[in-house]
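Colleague: Okay, these came from Swiss-Prot:
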type	residues	note
TOPO_DOM	1-87	topological domain 'Cytoplasmic'
MOD_RES	S11	phosphoserine
COMPBIAS	12-24	compositional bias 'Pro residues'
REGION	41-71	region 'Required for interaction with MCOLN1'
MOD_RES	S45	phosphoserine
MOD_RES	S54	phosphoserine
MOD_RES	S56	phosphoserine
MOD_RES	S60	phosphoserine
TRANSMEM	88-108	transmembrane segment
TOPO_DOM	109-115	topological domain 'Extracellular'
TRANSMEM	116-136	transmembrane segment
TOPO_DOM	137-149	topological domain 'Cytoplasmic'
TRANSMEM	150-170	transmembrane segment
TOPO_DOM	171-186	topological domain 'Extracellular'
TRANSMEM	187-207	transmembrane segment
TOPO_DOM	208-216	topological domain 'Cytoplasmic'
TRANSMEM	217-237	transmembrane segment
TOPO_DOM	238-254	topological domain 'Extracellular'
TRANSMEM	255-275	transmembrane segment
TOPO_DOM	276-288	topological domain 'Cytoplasmic'
Amino acid sequence: MEPALGSERRSPPGPGVPRPPPRGHAPSTAAPAPSPAPMSSSVQSDEERQPRISESGQFSDGLEDRGLLESSTRLKPHEAQNYRKKALWVSWLSIIVTLALAVAAFTVSVMRYSASAFGFAFDAILDVLSSAIVLWRYSNAAAVHSANREYIACVILGVIFLLSSICIVVKAIHDLSTRLLPEVDDFLFSVSILSGILCSVLAVLKFMLGKVLTSRALITDGFNSLVGGVMGFSILLSAEVFKHNAAVWYLDGSIGVLIGLTIFAYGVKLLIDMVPRVRQTRHYEMFE
């Protein structure tokens, strides 16, 4: 009977009976380890946000590398064609208006010895040419988002800007050196008012369309119209100042020099920006 008792003493306790802790030690209550999931999720979210930010910064560059403008992602096909037609209508209107103003301004320049009128006439001719380039730019309905076609138009505009600015500055400097005095009459007043108002309205329309179509050519054409509006008002300003104070005879020529230098600087900036892009996108002919 005793061996049986010994065997009962050696039998281990059941799993449901806990063992007492050793003396001198407090019972350990192990707290569950914090889950690393929130930290890892926050790290992942930061890592996901980082490439998104960099991708958004390089988004337009990626489109240009594929031969497309940013308007290809902003506008639906029917919206792009609608704005393209509006750009064509505005360009035709600009050609008609500025051509008439150019003839009138050249007449004023010859009859009244006005450097500003000559400068405006040259700028009006430039506006006619730039609007014709915009017509070519949007003549192809399938190329409304073509980056290469856009940049070629801008390069041509840059060259025209340089040539016209040289002519304006040379004419203005010649008038300043020979001390040509402008004459004031109702014809000069009418031309300056009409050119200032009409060119300013055309500039606003071109800026709005250029922003929607993300077209640097349209924005450049709008800048040229804005310069034409400023020159139209400058004719009125210089004529009125000379009428009340003949000592300020140089104001007309000085404005002509300033406007010529402004056009020259814009043309140089345009060529610096656009010539490399023409080379980058010349192999792409991706149209809608």
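Placement of Cβ uses the backbone N, Cα and C atoms for every residue, glycine included.
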Colleague: Restricting to the topological domain 'Cytoplasmic' (137-149), what is the model's mean pLDDT?
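Modeller: Residues in the topological domain 'Cytoplasmic' (137-149) carry a mean pLDDT of 81 in this prediction.
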Colleague: List, by number or range, the same-chain residues at least 6 past the topological domain 'Cytoplasmic' (208-216) whose CB is under 8 A from its CB atoms?
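Modeller: Long-range Cβ neighbours of the topological domain 'Cytoplasmic' (208-216): 69-71, 74-75, 80, 83-84, 86-87, 90, 137, 144, 150-151, 154, 222, 270, 273-274.
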